[in-house]
Amino acid sequence: MFETIIGGFDLFFSPLAIALTFAGILIGLLVGALPGLGPLMGIILLLPVAISLPPLAGMGFLISIFVGGSCGGAISAILLRIPGTPIAAATLLDGYPMAQKGEASKAIGIALAASSLGGLVGGVVLIVAAPVLAGFASRFAPPEYTMLAITGLLTISLISEGTFVKGLLACCFGLLLSTIGTDEFSTGYRFTFGSHHMLNGFHIVAVVVGLFAISEMTFQMARDDLMDKPKLEIARPSLKAVVQTLRHWKNLLRSSAVGVFFGSLPGAGGDISSFSSYAVAKSFAKPEEKYGEGAEGGVVATEAANNATVGGTLVPTLALGIPGDASSAMLLGALLILGFIPGPEMFLMQPDFVGGLFLVYMASNVMLFFAGILAAPFFIRVLLIPKAYLIPTILILCCIGTFALQGSVFDLMVMLGFGLIGILFRLAKYPLAPIVLGLILGPILEANLRRSLLISRDGYWIFVDRPVAAALIVIDVVILVGFAVVSVRRWRAAKQSCGLDPHMRD
Amino acid sequence: MKPTLKMLTSAVFAGFTATAAMAEFPDRTIELIHPWGPGNAMAVSQIIAKAMGEELGVDMPVLSVPGAAGTKAQTTAMGKPADGYTVFDGYVAPLVLQPILGNADWDFSEFAPLHSAVSNAFAIGGRTDETRWSTFEEMMAYCQENRGALRYSSGSRNNLPHMVIAKALQSYDCVAQNVPYTQDGNAVKDLKSGVLDFSFINVGNYKSDPSAFNIMLVLSELPGSKASFDGAPTIADLQVDVGLSKLGPMGWTWWIVNPDTPDDVTDALRTAMGAAMAREDVKDAIAKIGFVPLEWDHTQYEEVVGSVQDQLSAMGNALTWEEDELKKLQ
């Protein structure tokens with residue numbers, strides 16, 4: 001573990017890597033603070049820049065955007081009662097009342113300190129757990145990777161917003177998209193329609209920019225607040241926030257643990273972990289703390305959890321090559337483009353690079369606090385910029401970034417096409433994240449399933465013969481049965497509350 | 001006003017012309033399209049691309065486009081404008097083998113070569129703790145008794161190692177199941193963990209963990225290749241007839257560009273690559289990974305690649321034989 005980190009020193013301690021990590025934190029805080037953007041959008045917009053940089057500097061840039069973006073949403077949640085990102089939604093429960101009591105600076109300071117400390121706890125878990133998991137997974141073969149991919153797809157379909165069926169359908173749509181291009185096993189072309197642009201399928205960045213950024217900007221434009229300027233108090237948080245946060249150290253550690261746990265589960269992102277940690281913190285709190293009326297502990301719980309989630313999410317992403325959410329799927333995509341295959345081999349063959357990634361993550365959480373304290377007044381002023389100026393700027397960035405990937409007009413058309421698909425999916429209340437996971441995990445699932453069957457001398461029994469693969473099958477069955485039981489109970493409860501007997505209905 | 005407007009127009013036009021003339025190649029990033037997934041071969045290409053980029057004064061990122069035994073990458077590269085800003089890493093498989101197999105409709109002579117890059121010897125390797133056999137001939141005897149029971153990987157499907165291994169197995173009437181992997185590292189991992197029975201091992205794989213492999217057959221007749229694998233038996237030692245000699249079994253690569261690229265641009269690229277390949281630091285870095293830097297320039301392209309094409313054509317299609325034999329066992 002220590003050798004890995006020491007090996008990363010040379011890569012991390014370069015002016016470019018440190019400067020880009022710092023820049024990533026500032027950009028992350030900015031995209032987090034601006035309502036409607038968030039860490040995923042920040043990663044998507046800056047991915048084309050990152051993949052043209054030296055690998056560690058590029059990944060440091062993206063990871064720090066992820067870290068900064070996971071905290072930035074607290075600023076608008078506290079000041080405007082509008083969470084910049086869904087993961088900051090729980091922060092407004094106590095953050096906004098604090099601001100109403102004239103404690104906006106204190107609330108933002110605590111949010112920054114809790115995010116930073118929670119992120120560091122997540123980092124410790126990442127550094128300890130990822131190599132252990134990678135070591136364990138070094139004996140994994142195609143059957144285990146097949147089942148891991150299925151588990152990831154199932155859980156994200158189950159946990160994502162909307163119904164399970166819609167999540168599953170969105171996931172299947174992503175899987176179908178992943179079949180476009182060249183079949184590695186038969187070396188034949190699938191759904192390419194004779195176009196060489198389609199030989200590699202759709203570029204993941206063009207798809208994600210279209211699905212998320214173009215559709216989000218379209219919905220933002222449809223609102224009637226394009227020229228609105230909110231009335232804001234320019235808060236100036238101070239370094240004292242660390243002391244104020246550490247007074248809640250038990251809450252901080254507990255919430256960080258909740259964040260790491262949910263982060264390491266595929267599909268369960270920062271929003272679930274922050275609400276869960278808030279609920280846990282509230283249940284442990286004394287009545288006089290008055291959760292929901294401006295309790296410092298509420299801000300500590302949610303912000304520590306959502307940044308610790310980032311560390312947790314990176315554990316399966318780096319150790320297994322199985323991303324936990326859409327943001328980590330983009331990080332995995334960036335690693336692949338930069339020439340690194342996340343998984344046990346990366347820990348074995350490129351330990352220095354892994355060490356560099358650990359250092360980038362830890363440094364970005366330290367920088368988060370100081371950059372946030374210094375630049376908070378600037379981010380608050382940015383919230384005053386009307387959307388009428390922000391939306392065109394973001395759309396131009398989307399077009400430039402997507403075109404710059406391969407200098408391809410085709411990618412721009414893909415981006416616009418998926419923008420339209422994203423709009424339709426949102427209108428029909430289908431989640432978008434399972435599409436991205438389907439697109440990323442699809443090739444992993446297909447290749448390993450076919451490879452398993454080629455290796456097997458006994459057909460599908462290879463999945464039962466191998467203990468880890470068999471255990472994953474059991475977990476998948478338990479997930480599905482558990483979900484079915486919960487769904488039936490909810491359905492019965494809903495029917496009973498309507499005064500209907502569910503058995504009479506059919 | 002008219003003369004003034006004319007003068008202004010002329011001045012602006014002259015300015016644009018001068019600017020265009022001053023914009024010498026290259027004025028932006030040059031992309032190298034590499035046909036395999038990340039691994040030792042890509043690391044070597046990154047070393048050469050970095051040095052070549054330094055000679056040209058621009059960055060040369062390496063873009064990995066694996067799949068379809070390299071043809072996907074070659075088609076992608078040749079679909080880009082013929083302006084010299086896209087270079088292709090032309091390995092034997094996409095450049096020569098796939099057209100022979102009928103999976104690509106080009107001929108190597110249709111492209112403009114820049115310079116040869118590297119060659120990479122490879123071997124058939126197994127695990128050191130294997131109890132069923134210890135030599136290649138013992139493994140072949142086992143294979144003959146257990147037709148279709150063994151699993152091996154040549155990395156991608158229908159690449160040069162696949163062709164050569166299939167030919168070697170054919171000469172012993174050994175039928176084994178090929179399992180394709182887009183990343184060599186994963187095939188090596190599955191060999192070590194016992195999922196695969198044997199695999200193609202390149203010098204880089206071997207050097208990274210020599211104690212893990214039992215190198216049973218080096219697929220080359222060259223003494224240098226035998227030395228790279230610490231004296232393991234070669235096809236010459238075992239008198240295995242794979243129909244290849246000298247250059248054939250070596251997985252070399254030539255960097256090529258679209259034949260419609262302007263001559264001055266191609267010349268600039270050739271000069272830069274030649275200079276990069278002559279640098280001692282580049283040669284040392286390549287050798288450390290286990291590859292052999294090549295010194296053939298573009299004038300030797302037809303001679304070298306042509307001879308390999310002739311040999312591969314003469315080998316017959318061992319891949320079809322393997323496929324047919326496996327079908328019979330189903």
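Cβ atoms here come from the backbone N, Cα and C positions, even for glycine.
According to TrEMBL, the protein has these features:
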- A:12-31: transmembrane segment (TRANSMEM)
- A:19-437: domain 'DUF112' (DOMAIN)
- A:108-133: transmembrane segment (TRANSMEM)
- A:145-177: transmembrane segment (TRANSMEM)
- A:198-219: transmembrane segment (TRANSMEM)
- A:318-341: transmembrane segment (TRANSMEM)
- A:353-380: transmembrane segment (TRANSMEM)
- A:392-425: transmembrane segment (TRANSMEM)
- A:432-449: transmembrane segment (TRANSMEM)
- A:469-488: transmembrane segment (TRANSMEM)
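Highlighted: of the candidate stretches A:12-31, A:108-133, A:318-341, A:392-425, A:432-449, A:392-425 has the greatest count of Cβ pairs under 8 Å to the transmembrane segment (A:198-219).
Non-local neighbours of the transmembrane segment (A:12-31) in the same chain are 37-39, 41-42, 45-46, 53-54, 56-58, 60-72, 75, 355-356, 359-360, 363-364, 367-368, 371-372, 375, 379, 382; each lies 6+ residues outside the stretch with a CB under 8 Å from one of its CB atoms.
Of the candidate ranges A:108-133, A:145-177, A:318-341, A:392-425, A:432-449, A:145-177 has the most C-beta pairs within less than 8 angstroms of the transmembrane segment (A:469-488). Counting Cβ pairs under 8 Å to the transmembrane segment (A:432-449), the top-ranked stretch among A:108-133, A:145-177, A:392-425 is A:145-177.
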